[in-house]
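S.K.: Once you've had a glance at the structure underneath, I'll fire off some questions.
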Amino acid sequence: SDLVADDQPFQYISGSIHYSRIPQYYWKDRLLKMYMTGLNAVQVYVPWNFHEGAQGVYNFTGDRDLEHFLNLANQTGLLVILRPGPYICAEWEMGGLPAWLLQKPNIILRSADTDYLQAVSNWFAVLLPKIKPWLYINGGNIISVQVENEYGSYYACDYNYMRHLQTLFRFFLGEDTVLFTTDGNTDKEMTCGTLEGLYATVDFGTDTNISEAFKRQRRFEPRGPLVNSEFYTGWLDHWGDQHARVTTEKVSKVLGEMLTMGANVNMYMFEGGTNFGYWNGKDNFVTSYDYDAPLSEAGDPTEKLLAIRDVIKQFRDIPAGPMPPATPKFAYGFVTLKKVGSVSALLSTLSPMGPVQSHYPLTFEEMKQYYGYMLYRTTLPRDLSEPTPLISPLNGVHDRAYVSVNGVYQGLLQRDTALVMNVTGHQGDTVDILVENMGRVNFGSKINDYKGLLSNLILGKDVLTDWKIYSLDIDGAITGGWPHSARKQSNPPMKKELSFGPNLYMGTFPPNGLSWDTFLKLNEWTKGQVWINGMNLGRYWPARGPQQTLYVPGPLLSSNQPNNITVLELEGAPAHLRVLFMDRPQLNATTDKS
């Protein structure tokens, strides 16, 4: 009842690592640390939307070079358990599904819906042939391939969909590849998620009765190895909650028990990494995906890792030699920024194509802009001398809208929590509504998560109409060197004043000969997005917490040229306009004022 490799019984001890959450220049370091812990395999998700950002346009270069990652794992001596989806969950934007699928308004995702299946088939026709040479049976290191992901947790329960996927995998990867499913440890999930011909595995954490869980796997899969495909070493963080922790003692104890039973275990996560850019899932997932995992967000060994290594030692020979150390960190100190201007005043740069005119608001998807920010502009239909309610009656703001009148910030609307605010002004005044997409739901029935203004806004008794809608390509402008390149002339220093609403800020910090990892703290800033040398580090929201610092990978920094930092602050910057580079992370402070 064991796995067999080369006719020998075989037990894998694996860890999850997401290449999409770790810069390519650190892949080798992380894989080596996993190997030195005693793992013989890694488990890897392939996020479809990371590789096919626009329909039919594929990217497998740089940080997206999946084959390079597989090759590094192979060179390191690690087998691979591949999870190519098409849906992956992973607390990743839309569970890995590309947002362009939503251009078909009635599409039923993760089902035998024709439009959806056609897109999946096209994608797999590109992805799976790249995978085939890496299969173990073809001399590579991929020992098994997961079909879909925790499908039993999804309402559709569409066996025709799972059969279709099985057919696609068999067509592209051959009849001998080990295909498997992973589902939560309940009868309902195992019933809807498993399929004859796909090996059924379970996932569970430290608080589960192991023998019950494996008994359930046995009911659905009478023969073959016991497998926990996701053994939770930690958990994910949400804005406004405490940093999640799972104790080292619990992880070690349960891991030892499973290995003693001869089970195959994959630890989720082994290193979580970072939700750079706009890749976080549901709008309340923080930027760090540290996960309280054995390797920290910055890839550093923890006590938990050393304890896990001690457990593994009892079951297999682990590689001789020292654990590679933590990468060096440096506190570059304070940098003072200066204001570039409000988003509304910078539209010629941020939206070079100009606006689209529409009687009613259009969504991000209708505008074919899938991530980030969009600006909706209209005018006040009449004088409002008294504060007048601006209402999103159908909860149609996805996810957060920052409202200004004639350039003066008036407040915000937010999905599910703030559906009304007051506005004053004169007839003809410009109303600017910057809408932030905070990340698409990645799990459950609401993954068809449209963004922008999904329904009309009502001001007093008027429906607001006649919109100019600006797609904002802030990332494109910053990648091109703006605003630093546009600012060669010296500006008189602006007087320090608080400014509210969406504004951009810039600064530089001089090189000091080092390009070491560092952590950026935005003390007293409210909420927004940060870029360093053109790379989008992700979202910050220290006011909400628990995460107070953003991880800055060292190789991003220049050791001999000025380093550029750009901040989009959405609500309000502090008067001091300072940010701080520290040599350690702060991931667990809800009201930290230090």
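Just so it is clear, glycine is given a Cβ too, placed from its N, Cα and C backbone atoms.
According to TrEMBL, the protein has these features:
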- 3-314: domain 'Glycoside hydrolase 35 catalytic' (DOMAIN)
- GLU150: active site, proton donor (ACT_SITE)
- GLU230: active site, nucleophile (ACT_SITE)
- 361-473: domain 'Beta-galactosidase 1-like first all-beta' (DOMAIN)
- 504-559: domain 'Beta-galactosidase galactose-binding' (DOMAIN)
S.K.: In the domain 'Beta-galactosidase galactose-binding' (504-559), how many residues does DSSP put in helix, strand and coil?
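M.R.: Final tally across the stretch: 3 helix, 26 strand, 27 coil.
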S.K.: Fill in the CA-CA distance, the residue listed as 'active site, nucleophile' to GLU150 (active site, proton donor), as an integer in Å.
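M.R.: With the alpha carbons as reference points, the distance is 11 Å.
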S.K.: So for the residue listed as 'active site, nucleophile', how many other CB atoms are inside 10 Å of its CB?
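M.R.: Summing over all protein chains shown, the residue listed as 'active site, nucleophile' has 24 other Cβ atoms within 10 Å.
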S.K.: I want to check the contact list for GLU150 (active site, proton donor): same chain, sequence separation of six or more, C-beta distance under 8 angstroms. What comes out?
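M.R.: Those within reach of GLU150 (active site, proton donor), by Cβ under 8 Å and sequence separation of 6 or more, are CYS89, THR182, ASP183, GLY184, GLU189, GLY193, ASP203.
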S.K.: On average, what pLDDT score does this prediction assign to the domain 'Glycoside hydrolase 35 catalytic' (3-314)?
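M.R.: Over the domain 'Glycoside hydrolase 35 catalytic' (3-314), the predicted model scores a mean pLDDT of 97.
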